[in-house]
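Note sheet for the following structure.
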Amino acid sequence: MKIYEKAPAKINLLLDVMRKREDGFHEVEMIMTMVDLADRLEMEELPRDTIIISSQAGYIPLDEKNLAFQAARLIKDRYNVRKGVYIHLDKKIPVAAGLAGGSSDAAATLRGLNRLWELGISEEELCTLGAELGSDVPFCVTGGTAIARGRGEKLERINNPPQCWVILAKPPINVSTADVYGKLRASELKQHPSTADMLSAISSGSFGGVCTYLGNVLETVTLQLHPEVLQLKEIMQRLGADGVLMSGSGPTVFGLVSKEAKVSRIYNGLRGFCKEVYVVRMLT
Ligand code: ATP
């Protein structure tokens, strides 16, 4: 039997870092939602007790470094599954882009293998397993829109933001999430985005409010390391996006746009500067 799972990309509407904890992790507050740019995973049971990963994308690891592999191994070990699985990753989400592609693949693997092997694991338990693989995985298991606290694993579902177009632009540079967090001086941050204002904009369905209260403290690091990300933000603003922010640790920049008439102008304008541009919708 073959099954399929979609693994959508996430964007952070807000990312705040309160402090660095004694255990080395950062205490964060993140508001995340999903967009309809997604990897597609195909999973097929194998008679032999093994995990095989393939992908058309030439630039991701296919061994135990792959997050889908790690998710399959975790669920097999924890639930004593003696069967094997072949997982094909049809990658559409740009890699190392701040869009949680790997985390979403891991989450889709957990959901998919739960179905394939009829394990009956609750969503809550899948989230707990996911937290062992990475801070963004629990959110990717449930999807929707959520506020995450702690190191990202304490999730609270909230309403979806108002529907709009999302234009994603990924400059051709690699950003390591660990490197960005490592360079962040949380105690020296002069400004923090307002989580309360963003939450009230979302709950009242105010698109203008969502655009106003977008904020990501990791921009203080990534924009300094890579001025081209700042340049991309400025270009997107100039082209008329209603709200513009870097997602996660970058380097992808997203623009929120309410009017369809503006979308192609912004897309065409961006394509002059950046090869990887995607026009998607919020997944609401
Ligand atoms: P995050 O925002 O969660 O840090 P990201 O979007 O910045 O994630 P990913 O696309 O998840 O970054 O890739 C980060 C690293 O993980 C890459 O260096 C990649 O080689 C590795 N990786 C492992 N498994 C996968 C996978 N299934 N898909 C993409 N990258 C993967």
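Placement of Cβ uses the backbone N, Cα and C atoms for every residue, glycine included.
The annotation active site is assigned in TrEMBL to Lys10, Asp136. Residues or ranges marked as ATP binding site by TrEMBL: Pro94, Val95, Ala96, Ala97, Gly98, Leu99, Ala100, Gly101, Gly102, Ser103, Ser104. Residues or ranges marked as domain 'GHMP kinase N-terminal' in TrEMBL: 66-144. According to TrEMBL, the domain 'GHMP kinase C-terminal' annotation covers 199-274.
Here the features listed in TrEMBL are placed on the structure.
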residue : record           : Cβ within 10 Å
Lys10   : active site      : 27
Pro94   : ATP binding site : 19
Ala96   : ATP binding site : 19
Gly98   : ATP binding site : 29
Ala100  : ATP binding site : 29
Gly102  : ATP binding site : 28
Ser104  : ATP binding site : 29
Asp136  : active site      : 26
| task | Determine which residues of the same chain, besides Pro94, Val95, Ala96, Ala97, Gly98, Leu99, Ala100, Gly101, Gly102, Ser103, Ser104, have their CB within 8 A of the center of the CB atoms at the recorded ATP site, and list them by sequence. | result | Ala9, Ile93, Gly248
| Per DSSP, three-state class assigned to Pro94 (ATP binding site) | coil
| remark: For the domain 'GHMP kinase C-terminal' (199-274), the DSSP helix/strand/coil residue counts are 42 helix, 11 strand, 23 coil
| message | Please list the recorded positions from Lys10, Pro94, Ser104 whose Cβ falls under 6 Å of any atom in ligand 1. | response | none
| Neighbours of Asp136 (active site) among the recorded positions Lys10, Ala96, Ala100, Ser104 (Cα to Cα, within 10 Å) | Lys10, Ala100, Ser104
| remark: The mean pLDDT across the domain 'GHMP kinase C-terminal' (199-274) is 97
